[in-house]
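Look at Swiss-Prot and you will find Tyr157 tagged as active site, proton donor/acceptor. Positions annotated as NADH binding site by Swiss-Prot: Gly43, Met44, Val45, Asp69, Ile70, Ala91, Tyr92, Thr93, Tyr157, Lys161. Residues annotated as NADPH binding site in Swiss-Prot, with similarity to another entry given as evidence: Met44, Val45, Asp69, Ile70, Ala91, Tyr92, Thr93, Tyr157, Lys161. Feature annotation from Swiss-Prot assigns dTDP-beta-L-rhamnose binding site to Thr132, Asp133, Trp182. The compositional bias 'Basic and acidic residues' feature in Swiss-Prot is assigned to 264-276. Look at Swiss-Prot and you will find 1-22, 264-292 tagged as region 'Disordered'.
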Amino acid sequence: MDLINGMGTSPGYWRTPREPGNDHRRARLDVMAQRIVITGAGGMVGRVLADQAAAKGHTVLALTSSQCDITDEDAVRRFVANGDVVINCAAYTQVDKAEDEPERAHAVNAVGPGNLAKACAAVDAGLIHISTDYVFGAVDRDTPYEVDDETGPVNIYGRTKLAGEQAVLAAKPDAYVVRTAWVYRGGDGSDFVATMRRLAAGDGAIDVVADQVGSPTYTGDLVGALLQIVDGGVEPGILHAANAGVASRFDQARATFEAVGADPERVRPCGSDRHPRPAPRPSYTVLSSQRSAQAGLTPLRDWREALQDAVAAVVGATTDGPLPSTP
């Protein structure tokens, strides 16, 4: 297995580069070992994905956003050139800041994925693009969203991610668009579970919104779904990959306190108006995996079980030293 860091590489970065003009590229993701290009590999999902893909025997080129700016068409074509499959983890994820930087958010979340899709189509490489539950939310509902339900983002971040989905599928109809939600690792980063762990270690009560409901998703489980797609047997198109069940942020916070042995009664419910933000948040974006399962993607386990394992993994890792921070 090879894990190749993109830093300092040139167009000849593969350990076993393909000869110019060969015809062995594969858009179908049904072979055991693949050459995987990961964009946005410096982020929470990208880091775990790079490690797990290499552990499964794939040759991996892990590119941070500074090493491959997906808004740069030339850079994208250069790095995609010899890959069997590209997994796009690069995104503008600062939901509130996107309200003040809509052009930048659109460039990264819509133009960039379109560039990747066009480059992959040109060389017959597979493409897996990660999207979000925030493409939904404008409709008042309380039942999980299926892949073909009407979209309706309520903020600029969600609108740019929806535009990215459309750009990907327009340029490469056989791409995989994988929507996920409320992703966390729980270590030393700034995700919701990591934040709740830090607050649980302190004293006093905290107020957490109970009127935002979604699908908390553990990074490790999401990565498993992405690698299942690489392994083959999943139909292309839009898929949902989120841990099963329904949770509010309040529910997720209480469960995190319980998992670390803190008193969950310290977590108190409140409304979103208690914590006003520049970008509106959707009240309900639970993702259903039913159609995705029919397409061949194994549904992810219940969010509470995943959260317990995530916290246990963090505790085990910190016994020997802290986890790397995740931006």
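Placed from the backbone N, Cα and C atoms, the Cβ positions cover glycine too.
Model, not experiment: these values are computed from the prediction.
When the alpha carbons of Trp182 (dTDP-beta-L-rhamnose binding site) and Thr93 (NADPH binding site) are compared, the span between them is 11 angstrom. Broken down with DSSP, the region 'Disordered' (264-292) shows 9 helix, 6 strand, 14 coil. Under 8 Å from some Cβ of the compositional bias 'Basic and acidic residues' (264-276) lie the Cβ atoms of residues 200, 204-212, 248, 250, 253-255, 257-258, 283, all in the same chain and six or more residues away from its ends.
Taking a C-beta cut-off of under 8 Å and a sequence gap of six or more, Tyr92 (NADH binding site) has these contacts in its own chain: Ala98, Glu101, Arg104, Ala105, Ala107, Val108, Asn109, Tyr157, Thr160. Within 10 Å of the C-beta of the residue listed as 'active site, proton donor/acceptor' there are 25 other C-beta atoms, taking all protein chains into account. Using a 10 Å Cβ-Cβ cutoff, Val45 (NADH binding site) registers 24 neighbours.
Closest in space to Asp69 (NADPH binding site), of the binding-site residues given as Gly43, Val45, Thr132, Asp133, is Gly43, taking the CA atom of each residue. With all protein chains in the displayed structure included, the most crowded Cβ environment within 10 Å among the binding-site residues Met44, Ile70 is that of Ile70. In this view, the densest Cβ surroundings among the binding-site residues Thr93, Thr132 belong to Thr132, judged by other Cβ atoms lying within 10 Å.
The Cβ of Lys161 (NADPH binding site) has 32 neighbouring Cβ atoms from other residues within 10 Å, across all protein chains displayed. Considering only the residues assigned to NADPH binding, Met44, Val45, Asp69, Ile70, Ala91, Tyr92, Thr93, Tyr157, Lys161, the longest pairwise Cα distance works out to 19 Å. Neighbour list (Asp133 (dTDP-beta-L-rhamnose binding site), Cβ cut-off 8 Å, at least 6 residues apart, same chain): Tyr145, Arg179, Thr180, Ala181, Trp182, Gly214, Ser215, Ala242, Pro282, Thr285, Val286, Leu287. Residue density at Ala91 (NADPH binding site): 26 other Cβ atoms are found within 10 A of its Cβ, drawing on all protein chains shown.
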